[in-house]
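The ATP binding site annotation in Swiss-Prot covers G30, D31, N32, G33, S34, G35, K36, T37 and is backed by sequence analysis.
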Amino acid sequence: MSLSRLSVTGVRNLHPVTLSPSPRINILFGDNGSGKTSLLEAIHLLGLARSFRSIRLNPVITYEQPACTVFGQVELPDQHSRALGVSRDRSGEVRIRIDGQSVRSAAELADTLPLQLINPDSFRLLEGAPKLRRQFLDWGVFHVEHRFMSAWQRLQQALRQRNSWLRHGTLDSASDAAWSRELSLASDEIDGYRRAYIQALKPVFETTLKALLDLDGLTLSYYRGWDKDRPLVDVLASSLERDRAMGHTQSGPQRADLRLKVGSHNAAEVLSRGQQKLVVCALRIAQGHLVSEAKRGQCIYLVDDLPSELDAQHRLALCRLLEQLNCQVFITCVDSTVLQEGWGEQTPVSMFHVEHGQITQLHGPSGVKA
């Protein structure tokens, strides 16, 4: 799938603009602070109804404007298209429309417009908290396993109920048994989906990484959040008093993690910044392959400042892998010439110059390298 039309109003320093991107490679270049990343942010807002740069939405809205609005026309694999629209005002109210109909859940946006973000904060996937790696994992499961969302909602409800009882309820075995059983059932289902996903992801990730980086000894493993040799219901029973003292459930899928190591060391501790970036890129690209294999369409990749941390050889390798995905890619850089050799002659490339918030399309999506 791809965005064939994109309209942006009221996003940071960007002037109101309507673009017709290439279905494949789109390069946005210009000085730092010109607004390149803001366009990626607008696409992210369209796909997830939130920014990747700020938890608060007020900084995203152009100064003295009441709201920011993004519209997009999405071309689907079945030759149909869908119209998406997202608007957020300064009070925090969000309006989502799909094909003219109001929608409540941002999950419907995510399902229609699967986005992969690679930006300077991507290092956090390796060095940050387990929550970030769970989000990465669950994004992938969500897009390949249609039953995941229902199980996830049951898990969250059971967790809320048990945690509330731990903090405020009377300590009795009947209540604990009820909440623990519901939590265990949902947890086993979530764990099964995650485990199957990791089994599919690992070989694709390893193959992708080899194309980017000569790195021996890197391993990817999955920790489910409780003892692999014990049923969760037994773990919950044995840790009841401790959970009660802490006021929350300490074992379960909400404590899961992906572990990337080189030998016995965490990858983030021993890899250079450039190596870390390539590992994260390999993970994101592998996810895109799995989405495509699941017949769920293709991801759209948002790559902010692709050249940073990478030498010419690794920039070229990354461009080639993104090109081989046959998906739509939006890339920002300061100097577009460093990416000119990254694409095949027949790959449609569109070039956009960004200056002081003004976006000018220099080359339309043709079959000739820009």
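The backbone N, Cα and C atoms fix where each Cβ goes, and this holds for glycine too.
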Around G30 (ATP binding site), how many other C-beta atoms are within 10 angstroms of its C-beta? 22
Per residue, counting other C-beta atoms within 10 angstroms of the C-beta, which of the binding-site residues G33, G35 reaches the highest number? G35
Around the ATP site formed by G30, D31, N32, G33, S34, G35, K36, T37, list the extra residues of the same chain whose Cβ is within 8 Å of the site's Cβ centroid. S38, T332, V334, V354, E355
Between the binding-site residues N32, S34, T37, where is the Cβ count within 10 Å the lowest? N32
By the count of other Cβ atoms within 10 Å, pick out the sparsest of the binding-site residues D31, K36. D31
In three-state DSSP terms, the structure that T37 (ATP binding site) belongs to: helix
